[in-house]
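Here is the structure we will look at, set down as structure tokens.
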């Protein structure tokens, strides 16, 4: 299997998996044009689309792609049923695509119906988990997002985290504002800064490394707890997550 990223809009990535035969899976095609260009350039044959949630920058290209390739099966959560989804999937179910089983993981928070797809080592996590950050809470609660991230963080160390946006540099600036002396965060920030200066992608990331540099996955880390305790005493990890998310919203 080959993993490909297609830039779209200002900072979106549309992920495409293809096999040796050229069959492909498309994830969150917010815009059809760059996908169609990539299909033509690589002689891919689209078999399926995965949708993680209903926001337009993730579903906007579905209609045009299905019109061009009517054989495509469109998988998505209930909230995408009016966005072109032909096969609604929910937590605990599997989607069998390109000879691989993808587990569906419910990850409410960014939206209430958000889902992710996992087939080792690939995690397509939409707007739930970003490198160095997590999605804004447009519909869900901090508690829901905390639990969603906990699920994803428990996946195997070698998981490739395929996020839907290039937010890594801004996320790491925020992480440095919280833990300015953390060696892992400083090292990763320098690496990301160099990549972005060359207009290079920072994704996918390996989950084992992500756990070290993403403050939203470190709510039980003593250094982070000490920082938060300087401002307010919060006993539960979920409360510390909510504090971080509120800080990031204002950053």
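Using N, Cα and C of the backbone, Cβ positions are placed for all residues, glycine too.
The structure displayed is predicted, hence computed values, not measured ones.
Lifted from Swiss-Prot, the feature list:
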{"type": "BINDING", "residues": "53, 55, 110, 127", "note": "Zn(2+) 1 binding site"}
{"type": "BINDING", "residues": "57, 58, 127, 165", "note": "Zn(2+) 2 binding site"}
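Known features from Swiss-Prot, placed on the structure.
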residue	record	Cβ within 10 Å
53	Zn(2+) 1 binding site	28
55	Zn(2+) 1 binding site	22
57	Zn(2+) 2 binding site	19
58	Zn(2+) 2 binding site	28
110	Zn(2+) 1 binding site	25
127	Zn(2+) 1 binding site	26
165	Zn(2+) 2 binding site	20
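Residue 127 (Zn(2+) 1 binding site) is 11 Å away from residue 57 (Zn(2+) 2 binding site) when you measure Cα to Cα.
Cα separation, residue 53 (Zn(2+) 1 binding site) to residue 165 (Zn(2+) 2 binding site), rounded: 14 Å. Each residue in 52, 54, 58, 111, 114, 126, 128, 135, 138, 164 lies on the same chain as 53, 55, 110, 127 and has a C-beta within 8 Å of the C-beta centroid of that Zn(2+) 1 site, without being one of the site residues. The distance from the Cα of residue 58 (Zn(2+) 2 binding site) to the Cα of residue 110 (Zn(2+) 1 binding site) comes to 13 Å.
Same-chain neighbours of the Zn(2+) 2 site beyond 57, 58, 127, 165, judged by a C-beta within 8 angstroms of the site's C-beta center, are, in sequence order, 12, 28, 30, 52, 53, 55, 126, 164. Within 10 Å of residue 165 (Zn(2+) 2 binding site), counting CA to CA, the binding-site residues 55, 110, 127 contribute 127.
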